[in-house]
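Participant: Please see the structure below; I have some questions.
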């Protein structure tokens, strides 16, 4: 994080290309192209810059799919970005990244989240400080070991060229991060998560970021290809809404990206792109023992060595 030699133009070009590749692939899979919403911040707003949101709602397969690119700058890092680095509080910053969340309609197809980003903190008279962050995680409604192993093995393969220790380190980080403390339960089966990362220097750290971004489609599309035609009914949709409620709770209470966006004066529509189209809550409800719904909690929403 102290190496100030970096090339933000290369990072920007990669991220814009990644968004386009993923959006095209998702549109082809769904049968409906993702719409494009290009935006820029206006004069006098807290942030400068802009981005592009690719969005699909009520598609053939995806009930909601959003993938956003943003490149914004501000005069002071928000508290969520400088909490672990108080020495950077108050610095100017540039933040650029791609973030996506996909909510399939079929409850047997998992929700997925992926994010890759770069932040640069600046202060007049001092060298800029940069770091990378990101990862991907899977949130099944109904658990399948085959799917969990495929997802985690793809994540592990993406990180292996950069050090055998990275996957177990980033997996634990993900398990710890995507956890609803007030519920004492995991959001999903995890994946990988990293932040404040530049320890390999700019070139290798950027290569690692690209490897993670490039691994998204092969990590996810084979899973939903297997499950997309699985029959379901009202019971499964009701449980899906219940689990989506947990997703909403995490994103609004704990997620650093959501908090960063809201605290920095970000674009609300883009920040809340991760929200499911429907969600539900039931008072003190618990699935019956021995059901697939109970099995999700006992066998999948616990840290496991999936890879």
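Glycine is treated like the rest: Cβ placed from N, Cα and C.
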Participant: With 115, 116, 117, 265, 266, 267 listed by Swiss-Prot as binding substrate, identify the candidate in 99, 298 belonging to that site.
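Facilitator: Same substrate site in Swiss-Prot: 99.
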Participant: Looking only at 103, 113, 152, 182, the binding-site residues on record, which one has the least crowded Cβ, with the fewest other Cβ atoms within 10 Å?
Facilitator: 182
